[in-house]
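This report refers to the structure that appears directly beneath it.
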Amino acid sequence: MANSTDETATTTLAPAPCFLFDIEGTTTSISFVHEVLFPYARNQVEAFLAAHWDTDAVKADVDKLREQVSGCGKRSVADEAGPKEHGAEAASRLCASRPILLNLLEKIILTWPLVPTAHPLLELGHIWKDAYTSGNVKGHIYEDVVPAFQRLTEAGAQLYIYSSGSIAAQKLLFGHSEAGDLQPYLSGYFDTTTGPKRDAASYSDIAAAIGVTPQSIIFLSDRIEECRAASAAAMRTALVVRPGNAPLSEAERTEFPILHDFTGLRGAKFTQAQAGDTEAKRSASGDGALAAKKAPPTHDF
């Protein structure tokens with residue numbers, strides 16, 4: 001399908017009862033992650049670890065990070081931290097481990113785009129929770145997102161998120177966004193515990209979990225590899241082109257409809273029959289992603 005390269009052109013898609021949104025580069029600026037979240041973590045991680053270094057939860061988080069990032073090895077943090085310490089002793093031990101931790105942090109930041117199945121800093125997500133709930137950080141949302149969410153849900157459509165970030169991180173971003181709490185618009189969340197975003201089977205599994213055919217879902221992402229995977233699973237797809245996103249070749253621009261914003265999205269009613277199928281499948285499968293709004297998140301911060 002050929003597409004206009006006119007940056008001002010608005011593409012209108014046929015209505016759909018379900019929409020599946022990527023986050024980074026789609027609903028949210030890529031720069032938000034790299035220019036807001038990562039610098040915040042750099043500034044806060046040492047103080048946070050100094051306060052919580054002797055807790056089993058933080059040691060487990062750092063161990064997960066070490067295993068996820070290539071070249072970091074798998075030696076336990078407990079081996080470096082020694083016995084549990086408190087107060088000044090914990091701070092002293094942290095200072096001794098500072099080069100190790102900062103090296104780990106830098107590797108996490110550098111490899112984030114290359115490790116889509118990891119939740120690197122988000123595993124140490126207590127920092128994010130503090131950032132969002134304190135109001136020091138608010139999730140960036142493009143200005144056309146909220147009107148689109150309102151319009152689509154008013155038409156009866158259901159909206160879902162599928163991101164490399166953990167479900168808990170997704171809920172923090174949309175729950176503490178610049179536009180307020182957007183979670184009421186969302187019917188469910190999926191992360192890479194469902195499967196890799198470049199694997200067609202992941203999208204088939206998502207459609208089955210929602211309880212609709214893949215053809216009933218429009219998937220939106222800035223990554224053409226993800227759009228190809230969703231299309232291979234028979235989902236309708238559109239490439240989202242936002243400022244700062246990776247450039248597309250002329251050939252890539254012909255593969256899928258291109259959206260520069262969400263003004264061309266139209267919803268269709270998610271019927272009672274479909275909703276009933278969804279509830280039945282939830283009950284049968286115990287799907288955690290769809291139940292995320294009512295149950296503890298996959299990665300509880």
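Cβ atoms are placed via backbone N, Cα and C, with glycine included.
Counting Cβ atoms from all protein chains shown, Asp222 (Mg(2+) binding site) has 21 others lying within 10 Å of its own Cβ. DSSP classifies Asp222 (Mg(2+) binding site) as coil under the three-state reduction. The Mg(2+) binding site annotation in Swiss-Prot covers Asp22, Glu24, Asp222.
Annotated substrate binding site per Swiss-Prot: Ser163, Ser164, Lys197, in sequence order. Following the DSSP three-state reduction, the secondary structure of Ser164 (substrate binding site) is coil.
For 273-301, the entry in Swiss-Prot reads region 'Disordered'.
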Cα separation, Asp22 (Mg(2+) binding site) to Lys197 (substrate binding site) (Å, whole number): 10
I'd like the number of other C-beta atoms within 10 A of the C-beta of Ser163 (substrate binding site), please. 24
Under 8 Å by Cβ from Asp22 (Mg(2+) binding site), counting only residues of that chain that are 6 or more apart: Tyr162, Ser163, Lys197, Phe219, Leu220, Ser221, Asp222, Arg223, Glu226, Val240
I want to check the contact list for Glu24 (Mg(2+) binding site): same chain, sequence separation of six or more, C-beta distance under 8 angstroms. What comes out? Ile30, Phe32, Val33, Ser163, Ser164, Gly165, Asp222
Glu24 (Mg(2+) binding site) in three-state DSSP notation: strand
Tell me whether Lys197 (substrate binding site) sits in a helix, a strand or coil according to DSSP. coil
